[in-house]
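Shown next, in structure tokens, is the structure this report addresses.
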Amino acid sequence: MQTTHLGKNSPIPQSPEEASLDYVPNPRQGKNYLIRFAIPEFTSLCPVTGQPDFAHLVIDYVPDKLIVESKSLKLFLGSFRNHRAFHEDCTVGIGEKLFTEMKAQWLRIGGYWYPRGGIPIDVFWQSGAAPQDVWLPEQGVPPYRGR
């Protein structure tokens with residue numbers, strides 16, 4: 001198992017393009033199970049105004065041979081702090097990158113964005129039909145009411 005960040009002092013990358021994700025062998029290959037990451041304080045910048053945007057992200061996936069190493073994921077997500085992109089681009093881009101690089105069996109991401117201009121925007125993406133033999137709990141983020 002070769003990791004770039006785990007056990008090392010790693011600064012937050014300046015952009016998502018500079019960030020690298022580490023993957024490690026799935027310790028339970030052959031078993032279908034769900035891994036969930038909840039990121040309640042995700043931050044990026046509006047591509048037009050440069051104002052900060054905030055979201056609660058929930059990433060669920062069913063791994064195949066690899067799982068994402070959580071420190072590298074934290075650094076990757078932190079790299080969006082100074083990244084200008086629309087909510088949709090951030091949410092779907094994160095999901096696609098993880099799914100494609102990790103070659104997960106299935107992945108979904110929910111981006112629950114806090115309102116700017118009075119309108120919350122929630123963005124959802126998944127790689128395909130959910131597996132039938134895996135417990136898929138609700139993401140548990142209520143509709144906006146001062147989340």
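Numbers here mean position along the shown chain, with the first residue as 1.
From the backbone N, Cα and C atoms, a Cβ is placed for every residue, glycine too.
Feature list (source: Swiss-Prot):
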type	residues	note
ACT_SITE	Cys46	active site, thioimide intermediate
ACT_SITE	Asp53	active site, proton donor
BINDING	Val68, Glu69, Ser70, His87, Glu88	substrate binding site
REGION	1-23	region 'Disordered'
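Residues in the region 'Disordered' (1-23) partition by DSSP class (helix H, G, I; strand E, B; coil) as 0 helix, 1 strand, 22 coil. Within 10 Å of Cys46 (active site, thioimide intermediate), as judged by C-alpha distances, the binding-site residues found are His87; the full candidate list was Val68, Ser70, His87. Across the structure, His87 (substrate binding site) and Asp53 (active site, proton donor) place their CA atoms 8 angstrom apart. Of the candidate binding-site residues, Glu69, Ser70, Glu88, the one lying closest to the residue listed as 'active site, proton donor' when CA atoms are compared is Glu88. Candidate recorded positions: Asp53, Glu69, Glu88. Fewest other C-beta atoms within 10 angstroms, Glu88. Within 10 Å of the C-beta atom of the residue listed as 'active site, thioimide intermediate' sit 14 other C-beta atoms, taking all shown protein chains into account. If you draw a 10 Å sphere around the CB of His87 (substrate binding site), it holds 19 other CB atoms from the protein chains shown. Comment: substrate site residues Val68, Glu69, Ser70, His87, Glu88; largest CA to CA distance 24 Å, whole number.
Annotation for Ser70 (substrate binding site): same-chain Cβ neighbours under 8 Å, separated by at least 6 residues, are Phe37. According to DSSP, Glu69 (substrate binding site) sits in a coil region rather than a helix or strand.
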